[in-house]
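Novice: Pasting a structure below so you can have a look.
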Amino acid sequence: MLRGRSLSVTSLGGLPQWEVEELPVEELLLFEVAWEVTNKVGGIYTVIQTKAKTTADEWGENYFLIGPYFEHNMKTQVEQCEPVNDAVRRAVDAMNKHGCQVHFGRWLIEGSPYVVLFDIGYSAWNLDRWKGDLWEACSVGIPYHDREANDMLIFGSLTAWFLKEVTDHADGKYVVAQFHEWQAGIGLILSRARKLPIATIFTTHATLLGRYLCAANIDFYNHLDKFNIDKEAGERQIYHRYCMERASVHCAHVFTTVSEITAIEAEHMLKRKPDVVTPNGLNVKKFSAVHEFQNLHAMYKARIQDFVRGHFYGHLDFDLEKTLFLFIAGRYEFSNKGADIFLESLSRLNFLLRMHKSDITVMVFFIMPAKTNNFNVETLKGQAVRKQLWDVAHSVKEKFGKKLYDALLRGEIPDLNDILDRDDLTIMKRAIFSTQRQSLPPVTTHNMIDDSTDPILSTIRRIGLFNNRTDRVKVILHPEFLSSTSPLLPMDYEEFVRGCHLGVFPSYYEPWGYTPAECTVMGIPSVTTNLSGFGCFMQEHVADPTAYGIYIVDRRFRSPDDSCNQLTKFLYGFCKQSRRQRIIQRNRTERLSDLLDWRYLGRYYQHARHLTLSRAFPDKFHVELTSPPTTEGFKYPRPSSVPPSPSGSQASSPQSSDVEDEVEDERYDEEEEAERDRLNIKSPFSLSHVPHGKKKLHGEYKN
């Protein structure tokens, strides 16, 4: 008899309140299949890596990840071990005996899940035979020249083979397999074609054709129902990939997407409405001290300021304490990531700040990897000059301090001319002379290979943001991922984000958007759009996102020019906030991190697993979903105090007066508001299982 206990699952929106018997994981095996298991390529790696702990806590030794084998990743990320589960051990042994190379171990991340990794190159001799199998299964042919698709065919064929071996030795256990993206979809197609007794889930994080069409500057969302899908895929030479993706979607027992906006897209592009929307989460780590993340912001901001001192040597005519650090990061997709609208908004922001004679300087970083051949010599020289000046200042300070100390011991007020001798003055004059330069600070930190056609640099030339002294907006393109070993900006991405004031991600195509979510978890305000999954999620579940530091640009129902004006308004309003207002806003932003915790969002994956088991094994698992209650779902409430946002409590000048701060002291109590927010979010959610009590059922599972 299956054991179970009740689990209270409450909707963040869309999913009704429902109480079910917990799945008997002792009698189940869960496999998640993705090309990015131990293999960092894009955002799916983050999804799987961060979700692993929550899933491993729930499923224990019966949870396995399947991915490709790469020697470097295996050495650095995986600890090899022998499979404990008998069915998995037999499957691995059987495949190795038949000429495959299957590696098994624990992934060295939180949760330490088991991983099964297939060596693609070792099994490439089967490629032609497996192409025939795929053609017989779904009449999809793969061109010889498409190396990536051929690799996916090998990976999918090995996955289906492995799952067959597992089910042959499962000894009555039921198998659930979740496949992420089209790269893993061939394994699903072949498993279903061979009628393997497994419950399948297919999750799309973005549609193939959607990404291609949006990159071509097409008005995608207003023409979703007008595209000739086959024609568009054929013109872009991805028809076979599109067919694999669509076949995977229609073969799966349950189809899921990561956001509502992607669900709409998938319904039109792939011709199936998703059964469940599974938002992406993060592992949220709370600090023991309430304001520790504020201290980290100050510490890492100082390190960014050091870089700016070197990069802008000879042109440091602005106050670093009145400088705001903004950034955009991600793949180099100029239009999809919104770099085009961001640059245009920066041009307009520069005009506004100059027109109002603001003393605020905005420093904008573009962290987008592109093709480079080396560091920019001027940038390297700037950091060398900065370090030289620091050494000179430190040397003079030591001598100055010793002479001052001796004079005070003698009871004398020293003459500065006596303390600073001629050698010191000469050294300082040489140091000052070394900071002089005729050229402007470089816009990019590296030498770009195609700088004449680079979209970001071409736009910068058009709008004229060349880091002139008169510009209030300065731009720095860092065409490389951040690293703590870099000689220019030795910081990891997380450290850099914590040191910035605002992340700007005005994406046109963003199925979820981990970058603004990561900002939120770290207490950094961000700009997103209503075309990103994250933006739609926050718009749905937070009554006043702007008050909590989530600025949502309307890119769906406004023209590009209107969207650009709205973004400019957000940026200008942010520049007008006082330091205190920004601190209050960061506190509120960090409190939203509970909404993005996998402990909450993991329930959507639980629901998908229940659903697929009920469809694959209706005699064993059954679910009767009744109509959800008539409710609009939970909304994180607006702060009780006046929100320190451009729309609600911005100062009329770049800096607020002391009197204004005193007034804010009276109406804002950080601890009281934080406690109210904690109660608000915990009342509709439950982090732990609810062992007792029966509620009105909105879904019931029977054995």
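Heads up, the Cβ atoms here are built off N, Cα and C, so glycines get one too.
Keep in mind the model is a prediction, meaning the values are calculated, not measured.
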Novice: In Swiss-Prot, which of these is labelled phosphoserine: Ser559, Ser683?
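Specialist: Swiss-Prot records phosphoserine at Ser683.
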Novice: Looking at Ser486, Ser627, which is the one Swiss-Prot tags with phosphoserine?
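Specialist: Comparing Ser486, Ser627 with the record, Swiss-Prot tags Ser627 as phosphoserine.
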Novice: His205, His394, His478, His501: which one does Swiss-Prot list with His291, Glu292, Gln294, His297, Lys301, Arg582, Arg586 for the alpha-D-glucose 6-phosphate site?
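Specialist: Matched candidate out of His205, His394, His478, His501, per Swiss-Prot for alpha-D-glucose 6-phosphate with His291, Glu292, Gln294, His297, Lys301, Arg582, Arg586: His501.
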Novice: To the nearest whole angstrom, what is the C-alpha distance linking Arg582 (alpha-D-glucose 6-phosphate binding site) and Thr515 (UDP binding site)?
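Specialist: That comes out at 20 Å between the alpha carbons.
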Novice: Can you give me the same-chain residues 6 or more apart in sequence from Gln294 (alpha-D-glucose 6-phosphate binding site) with a CB-CB distance under 8 Å?
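Specialist: For Gln294 (alpha-D-glucose 6-phosphate binding site), the qualifying residues are Gly523, Ile583, Arg586, Asn587.
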Novice: Take the C-alpha atoms of Gly513 (UDP-alpha-D-glucose binding site) and His297 (alpha-D-glucose 6-phosphate binding site) and report the distance between them in angstrom, rounded.
Specialist: 22
Novice: Once the chains shown are all counted, how many other Cβ atoms turn up within 10 Å of the Cβ of Arg586 (alpha-D-glucose 6-phosphate binding site)?
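Specialist: Looking across every protein chain shown, the total is 21.
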Novice: Of the binding-site residues His291, Lys301, Arg331, His501, Thr515, which one has its Cα closest to the Cα of Arg211 (UDP-alpha-D-glucose binding site)?
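Specialist: Closest candidate to Arg211 (UDP-alpha-D-glucose binding site), judged by Cα separation, is Arg331.
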Novice: Looking only at His291, His501, Glu510, which of these binding-site residues has the biggest number of Cβ atoms within 10 Å around its Cβ?
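Specialist: Checking each of His291, His501, Glu510, the winner is Glu510.
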